[in-house]
Amino acid sequence: MTIINHTLGFPRVGLRRELKKAQESYWAGNATREELLAVGRELRARHWEQQKQAGVDLLPVGDFAWYDHVLTTSLLLGNVPARHQNKDGSIDIDTLFRIGRGRAPTGEPAAAAEMTKWFNTNYHYMVPEFVKGQQFKLSWTQLLDEVDEALALGHKIKPVLLGPVTYLWLGKVKGEPFDRLTLLNTILPVYQQVLAELAKRGIDWVQIDEPALVLELPPAWLEAFQPAYDALQGQVKLLLTTYFEGVSDNLATIAALPVQGLHVDLVHGKDDVAELHNRLPADWLLSAGLINGRNVWRADLTEKYAQIKDLVGKRELWVASSCSLLHSPIDLSVETRLDAEVKSWFAFALQKCGELALLRDALNSGDTAAITEWSAPIQARRHSTRVHNAEVEKRLAAITAQDSQRASPYEVRAQAQRQRFNLPKWPTTTIGSFPQTTEIRGLRLDFKKGNLDASHYRTGIAEHIKQAIVEQERLGLDVLVHGEAERNDMVEYFGEHLDGFIFTQNGWVQSYGSRCVKPPVVIGDVSRPQAITVDWAKYAQSLTAKPVKGMLTGPVTILCWSFPREDVSRETIAKQIALALRDEVADLEAAGIGIIQIDEPALREGLPLKRSDWDAYLQWGVEAFRLNAAVAKDDTQIHTHMCYCEFNDIMDSIAALDADVITIETSRSDMELLESFEAFEYPNEIGPGVYDIHSPNVPSVEWIEALLKKAAQRIPVERLWVNPDCGLKTRGWPETRAALANMVQAARNLRQSA
């Protein structure tokens, strides 16, 4: 039995972020729809050919998306919320963009769908909305069209389809409550129709993604897989595909399904290969996810070979990426500025395709020379002085319980802070960033390229900070921010100023829609050589009598939004970052900054997928935050910000952070999230986001007032703040001014009516 390889998906955005640029040009009215579609076709053709040239045997088709693949599935099924529908009932690409962004070049603007994280990654999807009695029909043929494209190019392909049970699991009920699982029988005919169309095209294998199978599912959801796959069997071979964790807990259910193969993540899961082999039907294909699709590190192929070699000849075997390569940058070869030694430690998506080819060849031939040579730099890294810092390791070992405790309880601190700041009821603020204009980005780029000296750069940034302060004063905000003109990204900026991180030139990965991020890479022990944010915070504070927040990104978020080391635990990395940022808090405080925000939007997304593993993670995640913050004096107010969160199942840990103020993203969920804080009787102050910054739509004063009144039904007014959902970096100034003016007016109206 010859072993072949495949990938579960490939990055969509293009090496130079061509997709992002085409999308934004189309949205701005500077490109036609056909020009946008042409960019998509060109990228798909390029990426299939690149994977093929790198040695991939079976290419994924259907992994491309114009916004996100869950939203693509919603359109496939005809699941379009009423507010986003075209008047004639048709579905087009603007329908998709209205769901994702709230507006598109055609059609009426409407509130965008809710967005949340894809499992425990930094990728996002638009949450499907379900209503009672909903009907589904095949309405969007993107998958079939792309299969036709790939077949016309002569490729050997494997269509990729998000499975029906996971799709329903990822959605939310709107309107009258009901069990969304009851919709399963309604969507299965559409899946049957799609599989029949694929069979007509001569497709042999379909990758049907059911990552919900790695979760500890409620019994009814686990039981739903059997009737679902009974209905889908027979037309093509189905590769049931899981990732991000192991499947051993649900293996009995999986092994009974009428599918022909199973893909397992052998990087992030703890599944034993021998147990998988023994418990799966003998005629099933096993796809072994051996190459990590979520990082940038070169794989130790000798280790991967040893992990799987005993199955060679015993069953049909494929080798694969652990998950879609969507989560990895595209091509290491264009990184011309990386130090040669460090570069030898990495592999991006195309290099991971090459690793799959090397591993396939070694398993088929038994010759391990090539994989041994490939793995040599990994051995060298384990002993590199770039990786280990004795001082950091010594400080980490000396941490005591007292280091993560504030000097006084919240009640005492709150009184000291009220005396210091004397803020009104319904105090208004923003989350941190202001619009990153073309001028600001150009300034940073010129400085980075050496076209601008440090003095002129600092003068330019200072002017933008001054403008941000003036704008906020004019709007009447109560607590100001400096606007973060000097920051390209909330994680990248800190990584650039901390030892132990390195950066790529083109290591972009998709976050959602057209938004891409370039995560730093943690290559060694983390420390802070000098103050990072103090000078700009101090300058901003000198421009106003109102308090200006110091702005830090928290240790767990920096960890979650970076590519972490694989040779130490995530806990170790988080606590190293926390110690570095603890020093920053002390320096900000010494510089006269009285309010310091430590953003932890990623705290919840870092949760292990299996609930049984949550407690250990939350314990060290909370400890890292407290270690970062606890150095602050009583009258220094510590804020934190979180987004895309469902808090009800981690409220103990949210409270344990002991932040004086937490700001959260609530507008898309219509303040639903506050129910968790009310039920828990959350003791500290809360700023529920009152408008969605991911949409360019400007909320009315009445809309914001209504949301704040809802909030006041759940949280005492004296503990409520007024703020947007998130930072305003991606918005333009006109809509930002208009939205904030309405927000401030809403707060004033409520003060007057109290």
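Backbone N, Cα and C define each Cβ position, glycine as well.
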**Message:** With Ile431, Gly432, Ser433, Glu484 listed by Swiss-Prot as L-homocysteine-binding, which of these, Asp310, Asp587, Asp599, is given for the same site?
**Reply:** Asp599
**Message:** If I go by Swiss-Prot, which of Glu149, Glu473, Glu600, Glu605 binds 5-methyltetrahydropteroyltri-L-glutamate at the same site as Arg17, Glu18, Leu19, Lys20, Lys117, Arg515, Cys516, Trp561?
**Reply:** Glu605
**Message:** Going by Cα-Cα distance, which of the binding-site residues (Gly432, Ser433, Glu484, His641, Glu665) sits nearest to Lys117 (5-methyltetrahydropteroyltri-L-glutamate binding site)?
**Reply:** Glu665
**Fill in**
Same-chain shell around L-methionine excluding Ile431, Gly432, Ser433, Glu484, Asp599, C-beta within 8 angstroms of the CB centroid, reads Thr430, Val481, Met490, Met551, Gln597, His641, Cys726, Gly727, Lys729
**Message:** Using only C-alpha positions, which one of Arg17, Leu19, Cys516, His641 is spatially nearest Glu484 (L-methionine binding site)? These are the binding-site residues in the record.
**Reply:** His641
**Request:** May I ask which residues of the same chain, at least 6 positions away in sequence, place their Cβ under 8 angstroms from the Cβ of Gly432 (L-methionine binding site)?
**Result:** Val481, Glu484, Met490, Lys549, Met551, Gln597, Asp599, His641, Gly727
**Fill in**
Per DSSP (helix/strand/coil reduction), Leu19 (5-methyltetrahydropteroyltri-L-glutamate binding site) sits in helix
**Request:** Give the distance between the Cα atoms of Glu665 (Zn(2+) binding site) and Ile431 (L-methionine binding site), rounded to the nearest whole Å.
**Result:** 10
**Nearest of the recorded positions (Ile431, Ser433, Cys643, His694, Cys726) to Glu605 (5-methyltetrahydropteroyltri-L-glutamate binding site), judged by Cα-Cα distance** = Cys643
**Item:** Cα-nearest neighbour of Ile431 (L-methionine binding site) within the listed binding-site residues, Leu19, Cys516, Cys726
**Value:** Cys726
